[in-house]
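Undergrad: The structure under discussion is supplied below as structure tokens; questions concerning it will follow.
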């Protein structure tokens with residue numbers, strides 16, 4: 001599955017060509033503006049030639065060249081780059097009447113309910129266990145309000161991304177796009193100054209997706225190591241406990257062999273076990289949380305402003321699911337039901353935000369200033385049932401690592417595969433897998449503090465992907481048509497979202513680094 005990009009150029013002429021003079025004049029006005037196309041002709045890719053008409057009549061084939069399989073995450077690469085005018089001319093009526101949803105070729109489209117379930121599954125991850133720590137850094141009442149506000153902003157930015165994807169699909173006659181495709185095509189449709197950066201924005205989106213997912217893998221290692229250490233240390237004699245860093249290194253070793261599995265089908269049983277263990281573990285955790293609940297007056301209502309960036313980074317890490325939304329929308333039987341009011345996205349994110357807020361609120365109310373980076377670490381280690389919860393969730397996260405690892409590995413491999421000789425690709429891919437797992441283990445060993453690590457990943461990656469990039473995409477898509485609205489309200493709205501994302505990025509990163517520095521200085 002090569003990731004080579006084929007380039008075709010279609011010359012678009014404006015006006016009538018009834019005379020030589022007019023044809024010559026129109027020729028001077030030719031525009032060659034590149035656009036990403038989902039058409040992929042296997043014969044052309046394999047070397048055979050066809051006439052120019054076949055380029056115009058390219059059929060959509062779900063590309064095997066996607067950066068990531070659609071079931072895993074966004075970031076698919078559409079293989080052709082075709083030059084096409086931005087608007088005007090005789091084809092306008094065709095563009096208006098083009099319905100991308102009617103041209104999608106999805107083998108097993110998902111219903112609204114199935115998409116709703118997938119959205120919940122993709123958003124309800126290990127981040128829910130860190131929500132009490134987020135409230136610790138925000139305060140009980142400020143955290144309650146701010147979580148709903150940040151969750152609403154995240155959901156709105158997803159709306160922006162999907163709506164812009166629909167506009168670009170109609171405008172370019174492309175059935176579907178991934179996250180990186182939308183970003184690239186938006187820049188190609190935007191002002192002239194942005195067009196030269198179209199490939200760069202694709203690189204940025206995929207890079208931040210990789211960093212985010214690799215960071216999540218590192219957090220998983222820290223999480224598993226910390227929970228296992230707590231349980232084992234309880235049965236060890238005083239002075240014989242093993243530190244957290246050796247535990248992370250020990251856990252990394254079996255993951256190296258598990259991540260050599262290249263077929264997701266063989267990982268499905270592990271995913272089922274992980275989901276079951278996580279569900280049972282969280283239910284039991286709630287029984288501890290709701291036992292002997294203290295009064296709200298015993299907790300800080302509004303935390304120090306200095307701690308808010310850590311709250312922002314943690315909440316963004318927990319709530320942001322923008323990396324998978326385009327994949328879910330692309331697989332829907334009725335994509336128009338994904339956004340709007342009511343919609344699958346609104347209902348799904350409403351449930352997610354409510355659950356995360358409840359866990360954060362009651363988790364912090366229960367444990368107060370002793371709240372740990374994961375709520376499971378607050379469970380009484382001497383209790384057998386609590387020990388089983390720690391181990392169940394640790395095993396679930398351990399198995400989830402292999403699935404989470406699959407996505408960044410796919411993106412990276414797609415980017416370098418074509419540069420490696422065919423006879424060397426097999427062992428090269430295995431070597432890359434081993435190196436990436438070792439890299440995750442090394443980072444986790446170097447940064448074993450769960451709280452600042454989660455905030456750092458949320459601030460750096462997800463504030464960029466979840467707020468800044470969608471806002472820039474909308475500005476580029478709406479640049480000429482339909483414009484920024486009365487009083488340029490879309491411009492000011494997106495400037496606010498970009499500034500909010502930048503402030504979260506900078507402050508969250510700065511505070512997280514200070515936390516790490518304080519840890520290493522001890």
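In case you wondered, yes, glycine gets a Cβ from its N, Cα and C as well.
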Undergrad: I'm validating the feature mapping. Which of 273-290, 291-308 is tagged transmembrane segment in TrEMBL?
TA: 273-290
Undergrad: Do you know which of 1-56, 57-112 TrEMBL annotates as region 'Disordered'?
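TA: Region 'Disordered', as annotated by TrEMBL, spans 1-56.
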Undergrad: Answer with yes or no whether the transmembrane segment (273-290) touches the transmembrane segment (244-261) by the criterion of at least three Cβ pairs under 8 A, sequence separation 6 or more.
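TA: They do not touch: fewer than three Cβ pairs between the two stretches lie under 8 Å.
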Undergrad: So what's near the transmembrane segment (141-162) in sequence-distant terms, Cβ-Cβ under 8 Å and 6+ beyond its ends?
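TA: Tertiary neighbours of the transmembrane segment (141-162) are 131, 134-135, 179, 182, 301-303, 311-312, 315-316, 319-322, 325-326, 329, 338-339, 345-346, 349, 352-353, 356-357, 360-361, 364, 466-467, 470-471, 473-474, 497, 500.
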Undergrad: Using a Cβ distance cut-off of under 8 Å, indicate which of 203-224, 273-290, 385-409, 453-473, 494-513 has the most pairs with the transmembrane segment (340-365).
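TA: Most contacts with the transmembrane segment (340-365): 273-290.
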Undergrad: Of the listed stretches (273-290, 430-447, 453-473), which one yields the highest count of Cβ-Cβ distances below 8 Å with the transmembrane segment (385-409)?
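TA: The stretch I would name here is 273-290.
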Undergrad: State, in range form, which of 273-290, 430-447, 494-513 has the highest count of Cβ pairs under 8 Å to the transmembrane segment (453-473).
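TA: When the Cβ pairs under 8 Å are tallied, 494-513 comes out ahead.
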